[in-house]
Amino acid sequence: MSVLMNLVSPKVSPYVEQTRMCSGFSLQIPHVHSFGVSKGFSRVLAATHMAIPSKDTVFTIPNWRYGKNDDRSRDYRLNDAFSYLVYMVEKGHTPDVGHATQLMYDLCKSSKLRKATRVMEMMVASGTIPDPASYGFLVNQLCKRGNVGHAMQLVEKMEEYGYPTNTMTYNSLVRGLCMRGDLNQSLQFVDRLMQKGLVPNAFTHAILLEAACREKGVNEAIRLLDDIIDKGGNPNLVSYNVLLTGLCKEGRTDDAIMFFRNMPSQGFNPNVVSYNILLRSLCHEGRWDEVNELLSEMVGEERAPSIITYNLLITSLAYHGRVDHALDVLDEMYMGPFRPTASSYNPIITRLCKEKKVDDVIKCLDQMIYHKCFPNEGTYNAISVLCKEGMVQEAFNIFKSLSSKQNSSTYDYYKNVISALCRKGNTYPALQLLYEMTKSGYTPVSYTYSSLIRGLCMEGMLNEAVQIFFIMQESGYRPDVDNFNALILGLCKSQRTDLSLEIFETMIEKNFKPSETTYTILVEGIVHEGEKELAVMVMKELHLRQVISQSTLERLVMQYDLEKLSV
C-alpha cells in the first residue's frame, strides 16, 4: 500500500491547496471543505441572525434544505445544521422534534448514518419524544446497509432512555442478522426477545423461514416452521408461501404441488401469490396442461390473476418459443383490467430477435408505441440480442428508428442505450453498436466510456477494460478522472486491488489529480480483500492529509464495522 501513501501529500491548511512534488510529478491535493462544530455554528448564526433561545424553549434548526442544489453545497448545509444541533443540545436546549426528525431523514438519504444516529440519541437525551416511525426507519436503514451492530447499539441506548422498541423494529434487526447469513444467531436473538416478553409476529417467522431456506434448504425450514408452531407461534400465509417458493427454487415442483394442495388443511387457502409461485415453476418446466388447470382455478378476489400472472406467462411462453401464445396473452391483457407495460413486451422481443425475425420485432415495437407503451432499458437489451445473432446493422437500424420517436435528443438516447446495455452485462453488443453509432456522427463522451469500462469489469474482462484507455487515446479522447475511477472501481470489485493500485500510479504519472472518490474506492477495495486493519491505517492517513472528509471517514467506519479497529 506504499504506492497509495507515497502519492498523497499532507496539507498545511484545509482552506489552502498545497502542491507537492512526488515521484517527479506535480500532485495537487483536492480541496476538502471541513467545519468544526464551533465554525459551523458561527457560520449558521452569521447567515441567519438567529438569537440563542433560552433553555426552557424549543429551538429550531436553520433551514438546510434551500440553496444551491449541487451535492457539495447540500453537504455543507447538512453538516452545518448537524453542527448547530450538537452545539445547542450540548448547551442544554431542546430541539424542535419536526426539524430534528427531518434532519435525521436527510442524513440517512446522504448516507451519513453515524450523524443520523447521533441526532436520534440527542433527541431522546434532551427529552424530546421522536416519532416511532422515524426510530424504526433509522434502525431499518442501518440494517439494510449492513450495520446491524450499530443498529443494536442504538436500540440498547434507546431502551436505556426508557423508549420502548416495538416488534417491527426488532424485525428489522432479525432481517439484518439473516442478511449476514447467520440463521443460528438470528434464532438466538429471537429467543432473547421472547424472554424479554416480546412476541414474534408472522413477519418475524417469515424472515426466519426465508433465511432457513436460503442457508439450510427447505426441509430444514419446514422443521423450523413445525418448531415455531410447537412454541405457540402463529405463522400466516406469507410463511407458507416462503416454503412454497423454497420448494420451487430447489426444482421440487411435484413436492411444491403437494404442499400447495395441503395448504387448506393447515388453515390457509392459497392466494394469487401462491398461484404465481407455482405457475412460474410449472411454466419453466413447460408443463402447459397443468398450467391451464391451475389458471382455471384462479377465480375470486384473493386468487384472481394479477399483472404479475400475465407477465410470467408471457415470459415463459416466449422463452419456450411459443410466441403466438404469448401474443394472445398480451391481447387478452388489453381486454382486461391490466395494461401491458414494456416488461410485458420485452420477452417477446427477445425471442423474436433470437429467431432473427426483424420484421416482427419492428411490428411489436410499433404496437408498443401505438399503445403509448414506451421502450425501456429492458427493451434495449432485448434488441441487442440481434447483435449476438450477427445482425448488428439491423439492430442499429432499429435503434436509429426508435431514436426519432423519443423525447430526448439522439445524443442522449444513444448514451442511454449504451449505458443500459453495459449495466445488464451486454457490453460486447454495446461496443458493436457504439461503432455503428460513431459512424453516424455520435461522439462518445466520458460517461459512455465509463459505462463500457464498468461493464467489461463486471463481465470479468479486465484486460479489455484496460485496453479501452488505449482505444480512447487512439480516437483522440484523453481519459478523465471519472474514467480512471470507473476502472479502479471495476478492478477493486473484481478483488484485483493490486491492479487498481497500478492504474492509480498511471493516473498520477499522467498528471491526473485523484478525487476523494478515487481514494474512497481504494480503501473499500482493501476492505473487500479482507485487510481491514490495513484499510483503517490507510484511511486514517488519508483523512489526516485531508483528501477524504470527516463524513466519508464516518461512513466507511460505520459501513464496514471498523469502529473497534479505528480507535
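From the backbone N, Cα and C atoms, a Cβ is placed for every residue, glycine too.
Computed from a predicted structure; not experimentally measured.
Taken from TrEMBL as is:
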- 131-165: repeat 'PPR' (REPEAT)
- 166-200: repeat 'PPR' (REPEAT)
- 201-235: repeat 'PPR' (REPEAT)
- 236-270: repeat 'PPR' (REPEAT)
- 271-305: repeat 'PPR' (REPEAT)
- 306-340: repeat 'PPR' (REPEAT)
- 341-375: repeat 'PPR' (REPEAT)
- 410-444: repeat 'PPR' (REPEAT)
- 445-479: repeat 'PPR' (REPEAT)
- 480-514: repeat 'PPR' (REPEAT)
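Break the repeat 'PPR' (201-235) down by DSSP state and the numbers are 28 helix, 0 strand, 7 coil. Averaged over the repeat 'PPR' (480-514), the predicted model has a pLDDT of 92.
The DSSP breakdown of the repeat 'PPR' (341-375), given as helix, strand and coil counts, is 26 helix, 0 strand, 9 coil.
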